[in-house]
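Colleague: Input: one structure, supplied below.
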Amino acid sequence: MAPPTELPARPERGSAPGFRAMGRLVAVGLLGIALALLGERLLALRNRLKASREVESVDLPNCHLIKGIEAGSEDIDILPSGLAFFSAGLKFPGLHSFAPDKPGGILMMDLKEEKPRARELRISRGFDLASFNPHGISTFIDNDDTVYLFVVNHPEFKNTVEIFKFEEAENSLLHLKTVKHELLPSVNDITAVGPAHFYATNDHYFSDPFLKYLETYLNLHWANVVYYSPNEVKVVAEGFDSANGINISPDNKYIYVADVLAHEIHVLEKHPNMNLTQLKVLELDTLVDNLSIDPSSGDIWVGCHPNGQKLFVYDPNNPPSSEVLRIQNILSEKPTVTTVYANNGSVLQGSSVASVYDGKLLIGTLYHRALYCEL
């Protein structure tokens with residue numbers, strides 16, 4: 001009988017040099033893939049921010065800075081009577097502020113005056129003025145000529161929509177209602193379509209600052225547009241990189257939405273049930289912020305950021321630039337896009353809105369000054 005064959009001893013798992021080398025190769029490979037993905041995302045973000053873009057100046061001859069606006073005028077809305085409302089003093093994580101300890105406010109200017117001045121409106125008692133942090137605004141005139149002012153507010157960096165009644169005789173705002181809703185986690189701008197009804201943009205899906213940053217960095221396209229009424233709240237458009245400015249056409253048939261990091265303006269058709277369907281997208285070469293509509297022509301005026309990186313990495317020696325576009329016939333096959341104003345930041349830093357009234361142009365900014373021009 002043959003002696004039994006001895007089997008060789010099995011090496012302990014992972015103890016052989018080959019296994020260790022393979023593990024190191026896998027780890028290095030995974031690290032390389034992760035770094036490559038991070039690098040690609042960073043490069044993509046720089047492209048979305050137009051981080052290398054500079055502007056050539058386009059000047060307007062009859063302009064001056066508006067006295068009394070020193071720390072931003074992020075949005076502007078003008079009534080048919082020529083009264084212009086400004087949201088002033090926005091503070092936001094990652095944004096510079098020239099008045100970090102001063103609460104925001106609503107200013108008003110009468111454009112029918114020969115030398116209009118900006119005045120801060122009083123707000124009724126009971127409203128928390130200390131934490132007022134206004135962002136996008138919109139006005140609505142009811143059938144009885146009551147003027148409502150809707151204000152996106154970020155008290156303590158939360159998200160609400162405040163509804164005020166404008167009392168012109170007293171130059172004041174009467175606070176009527178605070179709107180909070182789970183579908184409004186990161187509200188940026190608003191367009192009112194009734195006394196308590198509006199469309200609003202969420203520039204992010206999340207409300208947490210870190211998750212917002214991650215969402216932007218990964219380019220998730222989860223931003224959306226929400227319709228709000230006392231009886232119904234719903235998402236009516238989605239898939240935006242970062243939904244920003246919003247407005248409505250003079251005939252109330254179309255909603256315009258600016259996707260700031262995608263450099264696009266979306267044209268959406270409004271239906272009787274308030275749902276929206278996309279008709280077209282206009283691609284631009286700049287970061288589009290707030291949208292204002294000329295009620296007489298239907299032209300869209302856009303406050304833009306030629307270089308978004310300069311907004312968030314503030315350098316007083318190389319400040320963010322400003323740009324204003326006028327878009328004519330946006331529903332046509334070839335809309336006309338005109339650069340009306342551009343500045344390298346030497347006069348106006350970080351333009352976020354441009355509104356016109358009777359040959360006058362107002363240009364507001366995220367956190368800097370505001371410009372009054374006669375066209």
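A Cβ is built for glycine as well, from the same backbone N, Cα and C atoms used for every other residue.
Sequence annotations record features per position, and here TrEMBL assigns transmembrane segment to 21-43. Residues or ranges marked as disulfide bond by TrEMBL: Cys63-Cys373. Positions annotated as Ca(2+) binding site by TrEMBL: Glu74, Asp75, Ile137, Asn188, Asp189, Asn244, Asp289, Asn290. Taken from TrEMBL, the feature active site, proton acceptor applies to His135. The N-linked glycosylation site feature in TrEMBL is assigned to Asn290, Asn344.
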Colleague: Using the Cβ center of Glu74, Asp75, Ile137, Asn188, Asp189, Asn244, Asp289, Asn290 as the Ca(2+) site position, which other residues in that chain lie within 8 Å, going by their Cβ?
Modeller: His135, Gly136, Val152, Gly245, Ser352, Val353
Colleague: So of Cys63, Ile137, Cys373, which of the recorded positions has the fewest other Cβ atoms within 10 Å around its own Cβ?
Modeller: Cys63
Colleague: Looking only at C-alpha atoms, tell me how far Asp75 (Ca(2+) binding site) is from the residue listed as 'active site, proton acceptor', rounded to the nearest Å.
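Modeller: Roughly 7 Å, rounded to the nearest whole number.
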Colleague: CA-CA, which of the recorded positions Ile137, Asn188, Asn244, Asn344 lies nearest Cys63 (disulfide bond)?
Modeller: Asn344
Colleague: Looking at the recorded positions His135, Asn344, Cys373, whose Cα is closest in space to that of Glu74 (Ca(2+) binding site)?
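Modeller: Looking at Cα distances from Glu74 (Ca(2+) binding site), the smallest one goes to His135.
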Colleague: Measure from the Cα of Asn188 (Ca(2+) binding site) to the Cα of every one of the recorded positions His135, Asn344, Cys373, then give the nearest.
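Modeller: Result: the closest of the recorded positions to Asn188 (Ca(2+) binding site) is His135.
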Colleague: How many other Cβ atoms are found within 10 Å of the Cβ atom of Asn290 (Ca(2+) binding site), counting all protein chains shown?
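Modeller: Looking across every protein chain shown, the total is 30.
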Colleague: Find the shortest Cα-Cα separation between Asn244 (Ca(2+) binding site) and the recorded positions His135, Asn344, Cys373, and name the residue that gives it.
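Modeller: Considering only the listed recorded positions, the nearest one is His135.
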Colleague: Within 10 angstroms of the C-beta of Asp189 (Ca(2+) binding site), what count of other C-beta atoms is obtained when all protein chains are considered?
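Modeller: Here the count is 29.
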Colleague: Measuring Cα to Cα, tell me the gap between Ile137 (Ca(2+) binding site) and Cys373 (disulfide bond) in whole angstrom.
Modeller: 21
